[in-house]
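Peer 1: Dumping the structure here so I can ask a few things about it.
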Amino acid sequence: MSVNVNRSVSDQFYRYKMPRLIAKVEGKGNGIKTVIVNMVDVAKALNRPPTYPTKYFGCELGAQTQFDVKNDRYIVNGSHEANKLQDMLDGFIKKFVLCPECENPETDLHVNPKKQTIGNSCKACGYRGMLDTHHKLCTFILKNPPENSDSGTGKKEKEKKNRKGKDKENGSVSSSETPPPPPPPNEISPPPHTMEEEEDDDWGEDTTEEAQRRRMDEISDHAKVLTLSDDLERTIEERVNILFDFVKKKKEEGVIDSSDKEIVAEAERLDVKAMGPLVLTEVLFNEKIREQIKKYRRHFLRFCHNNKKAQRYLLHGLECVVAMHQAQLISKIPHILKEMYDADLLEEEVIISWSEKASKKYVSKELAKEIRVKAEPFIKWLKEAEEESSGGEEDDEDENIEVVYSKTASVPKVETVKSDNKDDDIDIDAI
């Protein structure tokens, strides 16, 4: 049974069809796997190598894939239903098959491993553009380009030279052959048309404003992809410095207050999201850190929420700020930690773990120890609050116990015992 390649189109006479995926589960236990029986036929209908959609399934499912090209067996580890894979295939088709302009599946991929770019051209509407290379499958495509793909300008130049050589051979006339007769006087021969002119025509033939704008957009997209690839090849230190310059520029331009989403997006692009708080503390904090925690809470929360690694970097960033403004901040450590804790930027577990070991990676060993000594009152308060909460839970459990009274039982004499134990609540402002 066939289905529409673009399943969002419900027209039964839609010309682009593909066979429905057939999945077969094999094996047991840890060796269970799903074999896509007709992957070759499906890939042929999409004009893509069968390894691409199979690898796409692996990326989306977080599963390993196996390719047995000789026997046409394409395998995804684990047990997966055919309907689930069919729905997942729609995502692959949308990202890597359909034209963004006309939504027809008549596209070819043009992979350039040297420049780390993947181009996309449509034979239906003439669209030409660059694919977004953020998806994990793009790494696989760059390493395994399709057979019909251009692998860079070197290949084109080589083909161009070969064509020129063949043209010269075909155009040369040997002495043994008789030259062709000249055309009649009243017949005009067409002007010579070389291969070089044909190759140059497709760039300059359309001079309308819209065509020029489209070409410029393609160039800018191409440049963005190249920049992204170059940045990800840099070291972690270099990428963190790029993020630092980005945040610093936003502050200098006076738009830092509304740039929290852009900063997180840039950190994710550079793959240094966990280290974002370390950069933010350096740019945004000074001796007025307590007021600044409230002001930039949203910025830090985008990094630190449910991210313990980012919270640890925030604490290391705090150490760096204290090192720069030691005279003003060293005595305020407990208050600063309390502000961060109340703002939901730090969790108890992370703070306690940080306090147990001094590190000399960001500040001197002596200063790191002194900071933790100054933080002890707050750490003690945290631990006692945690013990009280756990004790309260035990009391709640005791209250839920059902007591059965007996009329025949003797009632013991109850003596009232005065408790000298008083709850000593710690006032954090008095620390």
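Backbone N, Cα and C atoms are what each Cβ position is placed from, and that goes for glycine too.
For reference, Swiss-Prot lists these features for the protein:
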type: MOD_RES; residues: S10; note: phosphoserine
type: SITE; residues: R15; note: site 'Arginine finger'
type: BINDING; residues: G27, K28, G29, N30, G31, I32, K33, T34; note: GTP binding site
type: REGION; residues: 143-216; note: region 'Disordered'
type: COMPBIAS; residues: 153-170; note: compositional bias 'Basic and acidic residues'
type: COMPBIAS; residues: 178-193; note: compositional bias 'Pro residues'
type: COMPBIAS; residues: 196-209; note: compositional bias 'Acidic residues'
type: MOD_RES; residues: S229; note: phosphoserine
type: MOD_RES; residues: S389; note: phosphoserine
type: MOD_RES; residues: S390; note: phosphoserine
type: MOD_RES; residues: S410; note: phosphoserine
type: CROSSLNK; residues: K413; note: SUMO2 cross-link
type: CROSSLNK; residues: K418; note: SUMO2 cross-link
type: MOD_RES; residues: S419; note: phosphoserine
Peer 1: What residue among the binding-site residues K28, K33 has the most other CB atoms lying within 10 A of its CB?
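Peer 2: Comparing the binding-site residues K28, K33, the most crowded Cβ belongs to K33.
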Peer 1: Quick one: what's DSSP say for K33 (GTP binding site), helix, strand or coil?
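Peer 2: Reduced to three states, the DSSP call for K33 (GTP binding site) is strand.
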Peer 1: Using Cα coordinates, what distance in whole Å links K28 (GTP binding site) and S10 (phosphoserine)?
Peer 2: 38
Peer 1: So how many other Cβ atoms are close to G29 (GTP binding site), meaning within 10 Å of its Cβ?
Peer 2: 5
Peer 1: Counting every protein chain present, what is the number of Cβ atoms, excluding its own, within 10 Å of the Cβ of T34 (GTP binding site)?
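Peer 2: Taking all protein chains shown, T34 (GTP binding site) has 24 Cβ neighbours within 10 Å.
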Peer 1: State the count of C-beta atoms found within 10 angstroms of the C-beta of R15 (site 'Arginine finger'), not counting that atom itself.
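Peer 2: Summing over all protein chains shown, R15 (site 'Arginine finger') has 9 other Cβ atoms within 10 Å.
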Peer 1: Whole-number answer please: how many Å between the C-alpha atoms of T34 (GTP binding site) and S10 (phosphoserine)?
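Peer 2: Per the Cα atoms, T34 (GTP binding site) and S10 (phosphoserine) stand 29 Å apart.
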Peer 1: Around the Cβ of G31 (GTP binding site), how many other Cβ atoms lie within 10 Å? Please give the count over every shown protein chain.
Peer 2: 8
Peer 1: Measuring Cα to Cα, how many angstrom lie between S10 (phosphoserine) and G29 (GTP binding site)?
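Peer 2: Rounded to a whole number, the Cα-Cα distance is 40 Å.
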Peer 1: How many other Cβ atoms sit within 10 Å of the Cβ of N30 (GTP binding site)?
Peer 2: 7
Peer 1: Write down the Cα-Cα distance for R15 (site 'Arginine finger') and G29 (GTP binding site), rounded and given in Å.
Peer 2: 42
Peer 1: Hey, for the GTP site built from G27, K28, G29, N30, G31, I32, K33, T34, who else sits with CB inside 8 A of the CB center?
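Peer 2: For the GTP site the neighbour list reads E26, N77, G78, S79.
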Peer 1: Using a Cβ-Cβ cut-off under 8 angstroms and a sequence gap of six or more, which residues of the chain neighbour I32 (GTP binding site)?
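Peer 2: V25, E26, N77, G78, S79 - these are the non-local Cβ neighbours of I32 (GTP binding site), listed in sequence order.
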Peer 1: Output, ordered by sequence, the same-chain residues six or more apart from G27 (GTP binding site) with a CB under 8 Å from its CB, or 'none'.
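Peer 2: Listed in sequence order: K33.
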